[in-house]
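Annotated transmembrane segment per TrEMBL: A:6-25, A:37-58, A:64-84, A:96-117, A:145-161, A:192-211, A:217-238, A:245-265, A:271-289, in sequence order.
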Amino acid sequence: MDLSAINPAVLFASLIVAATPILLAGLGELVVEKAGVLNLGVEGMMIVGAICGFAVAVGTGSPALGFIGGAVGGAALSLIFGLLTQYLLANQVATGLALTLFGLGFSALIGQGYVGIKPPMTERLSFGPLSDIPGLGTILLRHDLMVYVALIAVVAIWYVLNRTRLGLILRAVGENHDAAHALGYKVVRIRLLAILFGGAMAGLGGAYLSLIRVPMWTVGMTSGAGWIALALVVFAAWRPGRLLLGAWLFGGITALQLNLQVAGARVPVEYLQMSPYVITILVLVIMSAKGGRALGAPAALGRSFHATH
Amino acid sequence: MVANSDVTFAISPGEVHALLGENGAGKSTLVKMIYGLVRPDSGRMLLRGAPYQPAKPSEARQKGVAMVFQHFSLFEALNVAENVALGMENPPSMRELAERIRAVSQEYGLPLDPAKLVGDLSAGERQRVEIIRCLLQDPKLLIMDEPTSVLTPQEVDILFQTLRQLSAEGTAILYISHKLEEIRTLCDEATILRRGKVVATCTPRERTAREMAELMVGQVLTPPARARKPPGPVALEVTGLSVSSPNPFGTALKNIAFTLRQGEVLGIAGVAGNGQDELLLALSGEILSPESCVRLAGKPVGRMGPNARRALGLVAAPEERLGHAAAPDMSLTENALLSGYVRKGFLKNGFIGWAAVDSFAQAIVTAFDVRTPGTHVAARALSGGNLQKFVIGREILQDPSVIIVNQPTWGVDAAAAAAIRQALLDLAAKGAAVVAISQDLDELLEISDSFAALNEGRLTAPRSAQGLTVDEIGLMMGGAHGMDVAHSHHDAQGART
């Protein structure tokens, strides 16, 4: 094995790219869960976003429109989840799992004509001479726009959740929907909007996979990224900052896996593939050993709300 | 179903007006209309002469109507300032809000740290959060729904001082409570509801509590009666019982000791969260303890689970009706089976004798006047008071030798509460030992032979209930929790935070 073949700066740059899809989807799910809704359909929304984004980008030739298409596709699928769980009071776990299965099948159906096509290229941003700074320039300043969008979203979501009234109301709904209702907040409407946001973010993450990271369309191409995003939210204890670190960690494992293969390491790929889940389980064990509050899960997570008067 | 029909009443500025009625009399629906959570089908409301019909709570708040809820509408994972902000229209920035919370809390003698998590506060402190949330909006009308049910007598005194100060400043207060003595001390006028209609108005100071109770239920109430007998041999003995709580926010029990004789009723008082739940769990067998800490008729049972203890004659009815005492989605018959099968022999070779279970459930429904369409109905569908009657009746009809009850009449109307207390006393008269844990002091004084209080997981030494005053009980319960003791109580216990 020749570890010197791995350039740390290049590795870190590819780590950031590998982390972007799960970061986007994880941020969306974080907002959804903060509102007290558990949507296990992230994988399904991501893959629908991937094919919708791909199809729109190929059809229009514009990657930007493609990303919008991906977000709309993810949000549309999440709307089904929202209507079922918020108005018809369906079980959130069962509905989320169904959404994943439906999304995988549905994306394969609409993706039939797109196998083997190359999408339009997304250009990397150039920061002029700054991008040529050794190390830092390679790591941070030679990426496409979506990488920066995802990073800005981390800060924006942290700010909204912790510093604005909108975020306070969202957290209140996720903590105690009965009390929020008694104070006059529209629990179902707030949750539905959060679900749509989560769907759009998952769709963006999926579109990033099919338009930039891979870039092409294959059936089932998310291959578990949605589940990693879900694990990421728990790993991050519902905090955007820690979610970014988690995404880099999990993304780093993916990037490292490719680099290690190139370097000729004899580590079976499966160990690295399962590691995000193993790490999440370990973090859960460590945090629950410290007591319930340390986990930081919204108190009303996964519970259906029905106004009784 | 009609919750309110043709209700008329008026309240003037600075008046403290009581709204009285049994559970289901329509008090909650009425105040929800005033607060904009429910819209009336007909009729009109006037607020300071102007037509008033709030479509939602925020509109009510804007017009100067504020409400302190019965079950606190607070968010445990958020801090005090955030909780206050959620109940306000256009709250100022968090820093400014924290300043105003400090200012108002000093003005009214209700100390509160804006940065503290509500989950870490005591029940009395949580209520202060709700009250300050209302005060910051400078309300013209303040609605208080059962505000004293979770407070010590000293905390009640402080609350009443705050309310009197507000009423002197011209705020009208609509006060809902079951506790008639409180209403006699605090309120200027009272409107009494029965089945959604106004049946009487009165001036509480000129009436006795019994007269008002009879107006509420529409019948003459008889106080629980019992034939006092000399106590029998020891039925339950607890020594050196210390267990940690299974709940992360719970209270550990520390060195609990008492002896209970056959035919004796031990009343245990205490503010919620001082170990009541844990004591019930440790006695019923849901928490195990060293073998000899709990003895049932001399036999050590500390390592036995609930069913083994049931077989020996110890039954328990926990406080939380739905989810602990009863399985919400199971029928009354199935719920009767769950706790009754050990003592009633419903199982034959592992098969359930459903006919016998159902006649047991029917017997409970008949004997305890449980209002339900039938025993096939899910426990969830019963009103709180009816389910409580069923849960208590289920244990009593198993003919136990020791029964542990926690909050036996919580949320139950006056007539049903009297029936439950009478049933417990009848059981004691037949020779059973009763442990009644409750936050209702009047109830405990009514039924107890001996009396003790739980305070932070410690039980005071039981003493005879005869001649005990409410003030003495208050001190046993630990005085006022962290209150600003500007008036009478300067004892060391009162300074605890």
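Glycine too: its Cβ is placed from the backbone N, Cα and C atoms.
Please treat TrEMBL annotations as automatic predictions, because they have not gone through curation.
Scored on C-beta pairs under 8 angstroms, the neighbour of the transmembrane segment (A:271-289) with the top count among A:37-58, A:217-238, A:245-265 is A:217-238.
Between the transmembrane segment (A:192-211) and the transmembrane segment (A:6-25) there are at least 3 Cβ pairs closer than 8 Å, counting only pairs 6 or more residues apart in sequence, which means the two stretches are in contact. Listed as Cβ neighbours of the transmembrane segment (A:37-58) (distance under 8 Å, sequence separation of 6 or more from its ends, same chain) are residues 21, 25, 28-29, 65-74, 76-78, 81, 85-86, 92-93, 95-104, 106-107, 110-111, 114, 117, 119-120, 174, 191, 194-195, 198-199, 202-207, 209-211, 217, 220-222, 224-227, 229-230, 301-302. Contact between the transmembrane segment (A:145-161) and the transmembrane segment (A:245-265) is not supported, since fewer than 3 Cβ pairs fall under 8 Å when only residues 6 or more apart in sequence are counted. Sequence-distant neighbours of the transmembrane segment (A:245-265) (same chain, 6+ residues past either end, Cβ-Cβ under 8 Å): 1-3, 5-6, 11, 14-20, 22-23, 26, 228, 231-232, 235-236, 272-273, 275-276, 279. Stretch with the most C-beta contacts under 8 angstroms to the transmembrane segment (A:96-117), considering only A:6-25, A:64-84, A:217-238: A:217-238.
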